[in-house]
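Peer 1: Here you go, one structure.
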Amino acid sequence: MWLTLCFVAALLLAVPGGGQGERSDVYVVYMGAVPPRTSPSFLQETHLRLVGSILKRGKVARSVVVQQYKHSFSGFAARLSKDEAAALRHKPGVVSVFADPVYQLHTTRSWDFLQQTDVKIDSARRYSAKPAASSAPTTDTIIGLLDSGIWPESPSFEDTGFGPVPSRWKGVCMAGDDFNSSNCNKKLIGARYYDLGEVNGAGTRSSSNSPRDEAGHGTHTSSTAAGNAVTGASYYGLASGTAKGGSAASRLAMYRVCSDEGCAGSAILAGFDDAVGDGVDVISVSLGASPFFNPDFSEDPIAIGSFHAVAKGVMVVCSAGNSGPDPSTVVNAAPWIMTVAATTIDRDFESDVVLGGNRSAVKGGAINFSNLDKSPKYPLITGASAKSSSASRVESASHCEPGTLDASKIKGKIVLCNHSQSDTSKMVKVEELQSAGAVGSILVNDADRSVTTAYLDFPVTEVTSEAAADLYKYISSTSEPVATIAPSITVTELKPAPVVVYFSSRGPSAQTGNILKPDVAAPGVNILASWIPTSSLPAGQKQPSQFNLISGTSMACPHVAGAAATVKAWNPTWSPAAIRSAIMTTATQQNNNKAPMTTDSGTVATPFDYGAGQVNPTGALDPGLVYDLAADDYLHFLCNYGYGASQIKLITSPAAGFSCAGNASKDLISDLNYPSIAVTGLGAAASRTVTREVTNVGAQEDAAYTVAVSAPDGLDVKVVPSKLEFTNTVKKLSFQVTFSSKNAPPAKSALTGSITWSDGKHIVRSPFAISN
């Protein structure tokens, strides 16, 4: 599959150690928050003394340390033997020591569609276009991206019209291969790169001596989050229009922590540490671990880095992963992270199959620049009819698996092939067909049809099983079936949209079942955004496109990061939790048919698919009420999760006298003041009460909100009080929600619904999911 799916390789590759022939690997040594009034230089010396205390005589501490963390948290990464790493685990002040993991990247019209869905779908929502209390944004926001680098020459990053770089900015523009300080400007104000460790699987250090993007991913996500509006953007004429970021007025800073082979955990931590020290407002992270590699929070670089970033007031937005549609595949699910699922937009790329005999065209979809004759004159055959004598199974030939077809039977023909997710990849199949002399191919593909694949010059289109039935009927009823494949065209106002795409990772979180994840959904399918120059050009094209169409939760994440930066610009004093609340409680749950959103399989979407719903950037500017969280709330979450007070005191610096409650348990995680509610372990004829507190941030100080509950059969939901009355002196009010089950919730699903507060202007909606 061409998507950059979320898999992790726990690569512990040997390098020579200290001249002793001793195996050594990179380990991360995490030491919690930076102690108060500690200078970075003192901290660095402390790290060197600590690592020096466990090294054998003759080994120098500076020679083994590859990263040091000194701004938002303390720690380092070093090349150590297994015994040396074990010795450090027992040193005072050390929270955890873990082998450096390798995470993977989770890989226009999308922003226009978000604005349209606000107007066309949610006409009942009466939001202001901007906060009533302000006439203009008050903060110049900075978005930092931890990604594969950036292509600074892209028009998305020009600085025309930008004022001076904010005086609070402390970052740098690192010089490197084909990159110097002049590549930064008043839009792209910072760029760093890091030693990526042994992420290429060959036992050698990955080459990343520059902030310059070699994969394209970081350029794409950066322009999606905050790229300038670029008119006339397209992918070789497809998806033409204006490409723009969600917060085009924001500045950008790139922290290159990935290559196209992966992202080193030690570099991810360095990126977080520097981004916070540099002064970013929002961090966008479109990468993560595999759902099958589930590290504890204290051994997960993203969880560690984001925890300390949020503690410093920096919003962190992460992709949910590309391991759907299986349940419990969501990653980056810590409650201090905003976790983003992926949906489609109302655009597709149509490439139809034209049949002989004046028959109706069969609708297909793909990106191809077919140069076939418009008249249906090419012989059309099935893969099964071209089975080679050496192939053992007709079914494999019907799927056009490599090595199963007779090249003499497919030369000059269009080949109809079945395709399923367990097959050889589509691109491998197509390449073999092309090399064998086929003039085109039609793939029958239901599973991932919603994601358009780019085949460029070779004429390929994909059809559903329903559409394929017409093709098979035509082939069987005609002695000499012929067809042609039309080049792709852009189709807009597609319905229904949005839908939750199959690859988007689903909840519930295997790690934090009493926190509802993902948080929200955003466009992540066939997103047009800036790209690096490429040598793979369609025929007749002399210049590479400056834009590309890519899919993944990687693409959804920067949509929300851009929205968060805009909310921050209007509300500079809001905490990351308040910004997340504003985005979640104003999200939409309907598609452009004014019906409930579905998954691409047609089932009605649930909070485990899309969290609170599709992000609504305009609505988030005026949420009415927010669910806020302070640093202590996350500490009590850690208590309930299972951390002891002594370990928490190593991780951070709580107030004097901090302790975990004697009754701390995972059930109490449901009481975290989150904008959604998840309760697990609710049996038959049982009840559970959770508490929430909301803060009035609307323009009207005197405001009265009443509650409405949407609950499924079998679950009674009672909210007390049912009315909240705010005044100029009463800004915060609490309420309790009691869930009472008549029967136990289904074993492998949950009872879902919502609680909505409204004052007649604002609609503040919180989804819930109750399971046994």
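Including glycine, each Cβ sits where the backbone N, Cα and C put it.
Computed from a predicted structure; not experimentally measured.
What TrEMBL shows for this protein is this:
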| type | residues | note |
| --- | --- | --- |
| ACT_SITE | Asp147 | active site, charge relay system |
| ACT_SITE | His217 | active site, charge relay system |
| ACT_SITE | Ser554 | active site, charge relay system |
| DOMAIN | 26-106 | domain 'Inhibitor I9' |
| DOMAIN | 140-612 | domain 'Peptidase S8/S53' |
| DOMAIN | 397-469 | domain 'PA' |
| DOMAIN | 671-770 | domain 'Subtilisin-like protease fibronectin type-III' |
| REGION | 202-225 | region 'Disordered' |
| SIGNAL | 1-21 | signal peptide |
Peer 1: Using Cα coordinates, what distance in whole Å links Ser554 (active site, charge relay system) and His217 (active site, charge relay system)?
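Peer 2: Pair distance, Cα basis, whole Å: 8 Å.
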Peer 1: Measure the Cβ-based neighbour count of Ser554 (active site, charge relay system), defined as the other Cβ atoms within 10 Å of its Cβ.
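Peer 2: Step by step: centre on the Cβ of Ser554 (active site, charge relay system), count other Cβ atoms within 10 Å, giving 33.
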Peer 1: Any idea what the Cα distance is from Asp147 (active site, charge relay system) over to His217 (active site, charge relay system), rounded to a whole Å?
Peer 2: 7
Peer 1: Would you count the other C-beta atoms found within 10 angstroms of the C-beta of Asp147 (active site, charge relay system) for me?
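Peer 2: I count 29 other Cβ atoms within 10 Å of it.
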